[in-house]
Each structure stands twice: as C-alpha cells, then as structure tokens.
Amino acid sequence: MAPLRCLLPLLPALAFALGPAAGEARRPLALEALGEAEELAEELWDAGLPGHLPELEPECRRLLAAFAEGSAALTGCMGHRARPVRLCQACHYHYRRLLAQYGNIARAVGNSSESHNCAKSILTSDRLQIVVTLSQFFNETWEAANCANCLKNNSEGLSNSTVEFLDLFNKSLTCFEQNVQGQTIYLSPNNYTEVCKNCNETYRMLNDLYNNLQRLNRQGGESGYSAHLCIDVEDAMNITRKLWSRTFNCSVPCSDTVPVIAVSSFILFLPIVFYLSSFLHSKQKKRILILPKRIQSNASLVNIQEKYS
Amino acid sequence: QLTSSSFLRIGQLSNVDLNEDIRELETELPRQHPNEIPHNEKLLSLKYESLDYDNSENQLFLEEERRINHTAFRTVEIKRWVICAMIGILTGLVACFIDIVVENLAGLKYRVVKGNIDKFTEKGGLSFSLLLWATLNASVVMVGSVIVAFIEPVAAGSGIPQIKCYLNGVKIPHVVRLKTLVIKVCGVILSVVGGLAVGKEGPMIHSGAVIAAGISQGRSTSLKRDFKIFEYFRRDTEKRDFVSAGAAAGVSAAFGAPVGGVLFSLEEGASFWNQFLTWRIFFASMISTFTLNSVLSVYHGNAWDLSSPGLINFGRFDNEKVGYTIQEIPIFIFMGVVGGILGALFNALNYWLTMFRIRYIHRPCLQVVEAMLVAAVTATVGFVMIYCSRDCQPIQGSSVAYPLQLFCADGEYNSMATAFFNTPEKSVVNLFHDPPGSYNPMTLGMFTLMYFFLACWTYGLTVSAGVFIPSLLIGAAWGRLFGISLSYLTKGSIWADPGKYALMGAAAQLGGIVRMTLSLTVIMMEATGNVTYGFPIMLVLMTAKIVGDYFVEGLYDMHIQLQSVPFLHWEAPVTSHSLTAREVMSTPVTCLRRIERVGTVVDILSDTSSNHNGFPVVESNPDATQVAGLRGLILRSQLIVLLKHKIFVERANLSLVQRRLKLKDFRDAYPRFPPIQSIHVSQDERECMIDLSEFMNPSPYTVPQEASLPRVFKLFRALGLRHLVVVDNRNEVVGMVTRKDLARYRLGKEGLEELSLAQT
C-alpha cells in the first residue's frame with residue numbers, strides 16, 4: 001500500500017491510464033488534454049516501474065491510452081443518454097472512434113518487431129484481458145440497441161428516415177406542450193380533448209411513419225428476426241404513445257358492444273338449432289343385425305352366464 | 001335350464017342367441033324382417049375384412065422360389081431399402097408442402113382479418129369484423145369438409161385409428177389409396193387455415209402410410225399406371241411392413257422425432273416386427289425428418305442450418321431456468337393426475353358426441369353444415385374472448401405474429417389474441433416460451449375452458465384433422481396457469497418457471513386423451529430436444545394413463561370401437577379360457593371339393609348372403625362312408641383369378657399350348673380383385689371342372705375343437721391369420737374361425753361381453 005499512497009497526487013493520470021472505470025468520474029477534464037495525459041502516464045510508468053522493463057513499447061502505450069480515453073468518452077455519453085434514450089444519435093461518433101482505436105491496437109502487428117507487437121502485449125498477455133472485455137461490452141450494447149438501424153450505411157450520421165422521424169417526433173412533442181399549456185396537469189384525464197383534437201394529425205403521421213419503418217425493416221431484415229428498430233426511435237415512439245393513450249387518454253375506440261353481442265349470439269345459436277333439428281327430423285340410422293352361423297349348444301350361454309354369477 | 005332372470009341379465013348382448021333359440025323351437029317359421037337396432041358401441045361391422053398376412057404356399061409359389069436364385073433375393077433386399085428411402089423423402093416433402101401452404105394461407109387470412117379489425121376499432125362496427133372472420137373460416141372449412149364428405153370419407157379425422165386398424169390386420173376400405181392422400185393433404189390444409197381447433201400432425205401419419213403403400217407397390221390403381229417395378233411386394237405382408245415404415249416416417253416428420261416414430265410403429269403394430277424391419281423403419285424416419293429439415297431450412301432462407309426438424313417445433317428447452325429438481329417430481333405427478341381426469345372427461349364428452357353424430361348426422365350435407373357451424377362458432381368464441389379481454393401486454397419484438405391492438409393502448413396488444421388469433425402450433429410454442437408475466441391467469445383460465453370444449457366438439461367432424469396439437473394446447477394453457485399459481489403461492493420462487501409447467505401440462509393432457517405410452521414419451525422428449533425431461537414426462541404420461549384408464553379408454557380405441565371395427569387387442573379377454581373353439585367358430589362351413597364344378601364355384605362366390613373369403617378344400621367325391629378330410633384352403637381372390645383366366649380341366653386338355661398360370665397373374669390383380677359379377681361364365685363352361693390342388697394353400701393352420709379361446713386367439717394374432725379351420729379328430733372340417741369370431745368377445749364393465757354382427 002505504501003507506494004500507492006505516495007502516488008496519490010498522480011491519481012487522475014493513473015485513472016486515465018488504467019481505464020474507464022475510474023476515468024469516468026474525471027472525464028470532464030479530458031478531451032483537449034489528451035497529449036498531457038499521455039505524458040503524465042509516461043512519467044508514471046517511468047516513476048513506478050524501475051529499470052525500464054520492456055513492458056510496453058511507447059507506441060503501444062500511446063494506443064492504449066487512446067483506447068482508454070475513447071472508452072471513457074463513450075461510457076460517459078451512454079450514461080448521460082440513458083433516459084430518455086438518445087444513445088444512437090448522441091454516441092455514434094464516440095463508438096466509431098472507439099472501434100477505430102481498437103482496430104489500431106489489434107492491427108498493430110507488423111509495425112514493430114515481433115517480440116513487441118502491441119496486439120499481443122495489450123490484448124492477450126494477461127488473464128483479465130480488460131481491453132477485449134471492454135470492447136466486447138460496447139459492441140454488444142451497440143448491437144442490442146440496434147443502432148445500426150438508424151444510422152447511414154457507413155454509420156456516419158443518422159439515416160434520412162430517422163431524421164424525418166425525429167423531426168416529426170419533436171413536432172408532436174411541441175404540439176402536446178402547446179396544447180397542454182394553460183391547463184393544469186392535475187385535471188382529470190378527460191379534459192385533454194384539446195390535445196387530442198389538435199395533435200391528432202401529427203400523432204397519426206408519426207404513428208404511420210413508425211409502422212412504415214417497422215414494416216420496411218421487417219421485409220428487409222434477414223429472415224425477420226432482427227425486427228427491432230433502433231432503440232432511439234422505439235423509445236421515442238413509446239413515450240409518445242404512452243402520453244397519447246395513457247396520459248391524455250386520446251385513443252378511445254368505439255366499443256360497439258350491442259351489435260357484437262347480437263351477431264355472436266346469433267352465430268352461437270345456430271348449432272343449437274342445427275342439432276335439435278337433426279335430432280328431430282333426421283332418420284336415426286339403424287343397423288341390421290346379422291345372425292351368425294354357430295353351433296347352438298347352450299354351452300356358450302351358460303359359459304357367459306357363469307361369469308355373471 | 002336358463003331362468004328368465006338370467007336372460008334379463010345377459011340382456012341385449014346375447015339376444016342373437018336367444019332369437020335363434022326361439023327359432024329352433026318354432027321350426028320352419030319364416031324369418032321375420034331383419035332385426036334393426038340403433039347404432040351402439042357393441043357391434044361389429046361386416047364392412048371390414050381381414051388382410052391376408054398368411055403366405056399361401058401353393059405350388060406356384062414353390063415354383064417361383066425355385067426359379068429365383070440367390071442374387072435375386074439380394075436385389076429384393078436392396079429394393080426394400082430404396083423404397084424406405086423414397087418413403088422418407090416423399091413423406092418429408094409432403095410435410096413441407098403442408099407446412100408452407102398452411103403458413104402462407106393462414107398468414108393471408110390473419111392479415112386480412114387483422115386489417116379489418118384495426119380499421120373498425122377506430123370507426124366502430126366491429127361486428128362486421130366478426131362476421132368477416134366467421135365467414136372466412138366457415139367457407140374455407142366448407143371446402144375442406146365437402147371434399148372429405150363427398151369424395152373420400154375415410155380421410156376424415158386424424159387417420160391414426162385407421163392406421164392402427166390397418167397395422168392390426170383389418171382392411172379398411174380405401175385407407176391407403178392415392179385419392180385418400182390427396183384429400184387428406186388438402187383437407188388438413190383447409191381445416192387448419194379455417195381456424196378449427198385442430199393440428200396437422202396426426203394426418204401426417206396417415207399420409208406417410210399412404211405414401212408407403214403406394215410406393216411399395218410401384219403403381220397406382222387410382223391413376224391406372226403401373227410402373228412395373230417392385231412387383232415382388234404386391235401382397236399384404238410386404239405392404240404392411242412398408243406401411244409401418246410410412247407411419248413412422250409420418251410421425252418423424254410431424255414432430256421431428258425419428259425414434260418416436262419407430263416406437264410408434266412398434267407400439268401400434270408390434271405383433272409383427274423383427275430387427276431388420278425396425279432398422280429399415282428407423283432409416284425411413286431419419287430420411288423423412290432430414291428431408292423436411294433441409295427443405296424447410298432452404299425455404300426459410302438459411303440453407304444448411306437444419307434447425308426445423310419437425311412440423312411442430314417445441315423450441316429449445318435447455319437454459320438453466322427450465323431445469324427441474326427432485327422436489328418437483330410430486331408436482332409433476334399431480335399434474336399427470338389432472339391430465340388423466342381432464343383427458344377422460346374429454347373422451348367421455350367426445351364419445352357421447354360421436355354416438356350422436358353416427359346416429360343422426362350421417363348424411364354428407366349435414367356433416368358439411370356441421371363442420372361449417374363449428375368453424376363459425378370457433379371464430380365467434382375467439383372474437384368474443386378477445387373482445388372481452390382487458391389483458392394488454394407491451395409488444396416485444398416480433399414474438400407475436402399478428403398483434404391485435406383492439407382496445408389496448410397504442411403500442412400494446414391484446415394478450416388473449418396471441419392464443420386465439422394464431423394457428424394452434426404457434427400458440428403452443430408461445431405458451432411454452434413466452435417469458436413469465438406474458439399472460440394473466442384469467443386469460444389462461446378462460447382460454448383453457450373454451451378451447452377444451454371447442455377441441456372436443458371439433459374432433460370427429462368430417463374434416464381431416466388431428467387431435468395432438470389441440471390437446472397440447474389445452475394442456476399447455478392449464479399447465480402454464482398451474483405454474484403461475486405455483487409461483488404465486490411460493491412467493492415467486494425462481495424454480496417455478498411457467499414454461500416448464502406448460503410443457504408438463506401439455507404432456508399430461510395429451511397422455512390423458514390418447515393414452516399412448518412409450519412412443520409418446522419419446523416423441524415429447526425428442527420434440528423438446530432435452531433428454532433430462534424424459535423422466536418427468538414418462539411419469540406424467542404414466543400417471544395420466546393410469547388415472548384416465550380408470551374412467552374411459554383412450555380416444556383412438558374409443559373411435560375404433562365406435563366404428564365397429566373387429567380389432568384384436570394384445571390378448572384374449574382374461575376370463576375366457578372356458579370358451580372353446582367349438583363355441584367360437586362359425587359353422588357349417590362352405591367347402592369346395594378339390595376338383596369342383598365351375599358352376600358350383602360361381603354360385604358360391606356370387607351368393608350375396610354369404611360373403612366368405614376363404615374356402616376349405618376337401619377331398620373330391622367323398623362317399624357317404626368315406627371321410628372328407630381337409631386338403632387345403634383357397635381364397636376368393638384366387639378363385640376369381642382362376643375363373644377369369646378360365647383354368648378348367650377340360651380346356652387344359654383342349655389346348656396344349658395354353659400358358660400356365662404364374663404367381664404374377666395373382667399379383668397383378670392385387671389389391672383390387674374384380675367382383676364375381678364382372679366375370680362372365682357361359683352355360684357350357686359351368687359344366688366344366690376346375691382343379692384347385694395346384695393353387696390352394698396345402699397346409700392351412702388348423703385347431704382342434706377343444707382349443708380354448710385364448711389359445712386360438714394367440715395363434716391368430718401372432719401369425720396374422722385370416723382363416724383358422726377347426727377340424728375334428730378325423731381331420732374333417734367342422735367350423736371356421738375368423739377375425740370377427742374372436743373380436744366379438746370383449747371384456748366389458750361387467751365381465752365378458754359378446755358383440756353382435758351388423759350390416760353397416
């Protein structure tokens with residue numbers, strides 16, 4: 001513990017060097033201070049590890065630091081955009097950069113001599129393999145959020161349909177806001193008729209667009225399994241729908257119970273008529289008994305009879 | 001010495017004998033009009049005949065055997081394997097066809113109805129959607145029912161009882177014809193698309209059997225085409241072996257359970273099997289499931305993935321949540337008891353309904369109307385349930401194929417609709433695998449109740465449809481309900497995963513209804529793909545069978561009995577040792593002499609009152625003093641072929657160049673021998689003589705008069721006989737035992753019963 005305690009002032013730098021878990025707290029420092037951090041880290045290594053053990057090439061150290069920085073940035077972004085979900089819109093830049101940085105590490109094989117290749121020393125030389133784990137975590141989250149779905153093919157920026165959807169979404173939110181303004185939020189749910197009337201058109205458009213996107217996605221998707229849209233779009237739609245049908249109680253379908261009951265009881269009544277009429281009018285099917293040719297001793301009768309008594 | 005009370009006690013069962021007694025007393029009284037009674041379960045129909053499993057070892061047969069050398073027999077063996085492979089491939093392809101067509105047509109129907117419901121939910125007028133749904137269902141089912149009722153009634157139902165009878169040795173008319181296959185396949189597609197509470201798995205077994213029977217004969221009499229191949233297999237024994245392979249291939253395609261298929265064949269036709277046959281059956285099963293798998297995987301766009309082995313796929317049960325612990329075994333057994341009781345209730349209701357149908361709804365047009373009504377009511381019940389349900393669940397991904405929103409908030413769907421607004425197969429899988437909390441208990445309870453009655457009402461309609469899937473669905477619904485209440489009682493313990501209980505409930509319900517044991521256990525095990533479930537599933541099925549058998553018998557056996565089929569069970573009734581062959585046999589027997597006048601033969605064959613099929617051949621010209629000992633047995637079909645080719649003694653002398661009759665001539669006529677009326681015999685020819693000694697079976701099985709019923713039964717059942725001659729100690733024919741003579745003794749509720757023969 002002693003050496004650690006004397007290193008205390010250097011902690012921020014340490015945090016940067018060692019990864020995102022600690023780095024997250026200090027993140028605001030970061031972006032422009034990249035160069036400085038690297039230098040600090042190098043100093044740290046020089047101070048902490050005596051005798052210049054050939055633990056990590058400077059080149060590799062630089063790559064590692066860049067990765068650490070990138071993952072910290074991405075984690076921060078994701079954390080901040082967790083609710084309401086704006087993951088794909090806000091963080092795709094960070095994600096792409098992180099991918100590139102990881103790629104650099106993994107590809108940095110031929111650069112230096114064989115004994116010092118970065119991929120080997122960073123990715124596979126210990127049990128924990130923290131860099132690999134981190135990168136896997138980000139990839140899986142990204143996949144689960146299905147962000148690729150609302151980004152352009154080269155993942156630079158949002159796709160046109162997503163932009164269109166988000167515009168419409170903002171428009172309907174604005175509409176909701178304008179129409180709810182002036183009314184207190186504590187009014188009984190029935191009094192939102194204003195909103196329902198005024199924003200109906202926007203909401204319908206939004207809903208239709210969403211359904212359309214979903215249909216296109218299902219058709220284009222490979223074998224129908226990845227039918228999810230990206231999480232941003234899904235979440236936006238969920239929020240709007242919840243507002244619309246739960247809070248404002250706008251979607252009140254006509255329930256025409258009387259005709260339904262009439263029609264169904266008519267249909268349910270038909271079989272009774274059918275069975276009754278066939279019972280009464282249809283001639284019952286009779287079977288004609290055939291007399292078997294048998295020896296008519298009474299023995300068989302007695303035999304059977306014995307079993308009864 | 002019989003008192004009148006004992007007459008009463010014997011009751012109607014033996015009224016035949018009583019009448020005959022009376023007739024004997026009042027001799028020569030002209031027989032009054034035929035005795036007519038309403039249909040009941042204690043009848044044997046004359047419509048059904050036996051299959052000829054016994055090989056007729058006449059001289060022609062011996063000649064042929066001498067002619068064919070050793071290598072030729074090896075070719076026969078190879079041909080058997082080729083046929084089995086073809087059976088597997090074709091059965092798999094038929095299953096694919098059914099699956100793909102059903103998927104597309106049902107998808108189309110549900111999309112149309114869903115669009116309509118969505119439209120009318122906003123504007124009002126949902127009664128139109130109801131009408132649309134009911135009309136669509138009824139019209140689709142109408143087509144399906146019309147083709148079955150008017151073209152091929154034997155294609156109705158699941159076909160498993162019929163195949164069971166066939167493997168037992170009963171010839172059900174038309175059961176393995178190509179026409180039946182076509183009607184069966186179209187019928188099952190239409191009834192599943194028509195939204196009835198039915199499955200497409202049972203009919204696969206029948207389809208597989210028909211395919212097997214067709215291929216092994218190398219020709220189709222329906223199409224009037226003879227491919228001149230596989231002629232060696234044109235007899236009942238060989239055909240039966242292939243039919244059992246076909247049935248196994250059908251099971252294997254339906255459930256993705258090749259071993260289950262083999263065991264099904266053994267369980268249903270087990271009196272005739274050997275090791276090589278089993279191995280061939282297994283081969284056919286494997287080929288069938290593999291074919292289905294590869295074609296469906298190509299169809300679903302991921303070729304070579306091979307992930308859909310059966311028509312119904314229970315999905316994977318291999319994550320940790322669905323493991324079970326030893327403490328749960330008593331719970332499973334309890335579920336088996338529930339399944340047995342519910343299954344018995346199902347069968348009892350269905351028995352009552354089937355009896356009504358046989359008695360009153362026997363005209364084809366009435367049957368079609370009934371099927372349409374059931375379809376309309378099924379749609380209505382589904383609609384009303386969905387309409388009344390307030391159970392809304394958030395849409396999650398694409399696990400719901402046709403989410404109906406109805407009165408739910410936007411972005412949510414009606415949970416009742418996942419169960420009712422879907423094909424039954426999909427609903428089963430949903431019940432197994434949807435995460436806990438997808439259904440609320442009220443929904444499941446109502447669904448179970450409604451579906452139970454619908455399925456019970458549907459089985460026995462004149463549509464081709466199976467009962468496996470509806471049973472699984474009912475069981476899965478109450479099993480899931482059970483699981484939910486269990487986890488509620490135990491305050492949400494982790495082990496009470498409702499999907500696991502849904503599976504056990506499904507097994508219990510199915511076992512309670514059909515009462516299959518070994519094969520069903522293996523089928524369920526293979527369908528879940530989890531061997532560790534074998535033990536609990538076995539326990540559940542065992543309990544369900546024991547409990548169910550206490551009340552009524554299984555659904556298939558019940559229907560066999562209601563059809564008045566002379567079905568031979570494994571053993572003779574246990575208390576029948578005191579009955580002897582003398583009492584069982586029919587007598588007197590119509591015998592033929594070894595050299596018989598053609599006119600006599602024609603007269604005997606065309607006598608409509610005695611539709612005999614086998615005739616003992618006795619020594620010709622017996623004097624009054626000499627004993628007319630039994631010399632052999634000849635079949636009606638052989639006689640007809642002889643008459644057709646005019647093999648008369650006089651003609652043989654007349655033309656020396658006349659071709660000798662070969663075994664091939666008999667095979668060519670198989671299996672539809674022409675009726676005697678179609679054979680013209682002139683007045684001159686009637687005076688000719690016919691020599692039977694070359695064609696008869698010289699060594700028919702015989703029993704002495706004193707043999708007990710169980711002994712006769714065992715011989716008959718094990719050898720698959722059709723005629724068993726009863727002789728006295730001078731080798732004189734005294735009687736004949738046939739299948740109907742044995743099948744009429746049955747162990748009823750109050751001891752040994754005797755069934756009556758009836759014309760149906």
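Every residue gets a Cβ built from N, Cα and C, even glycine.
Remember, it's a predicted structure, so these values are computed and weren't measured experimentally.
What TrEMBL records for this protein:
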{"type": "TRANSMEM", "residues": "B:81-102", "note": "transmembrane segment"}
{"type": "TRANSMEM", "residues": "B:130-151", "note": "transmembrane segment"}
{"type": "TRANSMEM", "residues": "B:181-198", "note": "transmembrane segment"}
{"type": "TRANSMEM", "residues": "B:242-264", "note": "transmembrane segment"}
{"type": "TRANSMEM", "residues": "B:276-299", "note": "transmembrane segment"}
{"type": "TRANSMEM", "residues": "B:331-353", "note": "transmembrane segment"}
{"type": "TRANSMEM", "residues": "B:368-388", "note": "transmembrane segment"}
{"type": "TRANSMEM", "residues": "B:442-461", "note": "transmembrane segment"}
{"type": "TRANSMEM", "residues": "B:467-489", "note": "transmembrane segment"}
{"type": "TRANSMEM", "residues": "B:501-525", "note": "transmembrane segment"}
{"type": "TRANSMEM", "residues": "B:531-552", "note": "transmembrane segment"}
{"type": "DOMAIN", "residues": "B:696-754", "note": "domain 'CBS'"}
Inquiry  = When secondary structure is assigned with DSSP, how many helix, strand and coil residues does the domain 'CBS' (B:696-754) contain?
reply    = 16 helix, 25 strand, 18 coil
Ask   = Given pairs 6 or more apart, does the transmembrane segment (B:130-151) have at least three Cβ pairs under 8 Å with the transmembrane segment (B:501-525)?
value = no
Key: Top partner of the transmembrane segment (B:181-198) among B:242-264, B:442-461, B:501-525 - counted as Cβ pairs under 8 Å   = B:442-461
Inquiry  = Within the same chain, where does the transmembrane segment (B:442-461) have neighbours whose Cβ lies under 8 angstroms from its own Cβ atoms, ignoring anything closer than 6 residues to its ends? I mean 6 or more beyond.
reply    = 145, 156-157, 196-198, 342, 346, 349-350, 353-354, 357, 367, 370-371, 374, 377-378, 381, 385, 389, 391, 415-416, 419-420, 467, 470-471, 473-474, 477-478, 480-481, 484, 555, 559
Request  = Report the mean pLDDT of the predicted model across the domain 'CBS' (B:696-754), rounded to a whole number.
outcome  = 88
Remark   = Checking B:242-264, B:276-299, B:331-353, B:467-489, B:501-525 against the transmembrane segment (B:81-102) for Cβ pairs under 8 Å, the most are found for B:276-299
Key: the transmembrane segment (B:276-299) versus listed stretches B:242-264, B:331-353, B:467-489, B:501-525: most Cβ pairs under 8 Å   = B:242-264
Key: Intrachain residues whose Cβ lies under 8 Å of the transmembrane segment (B:242-264), provided they are six or more past its termini   = 83-84, 87-88, 91-92, 94-95, 163, 166-167, 176, 200-202, 204-213, 215-216, 233, 273, 277-278, 280-282, 284-289, 291-293, 308-313, 468, 516, 518-520, 522-523, 525-527
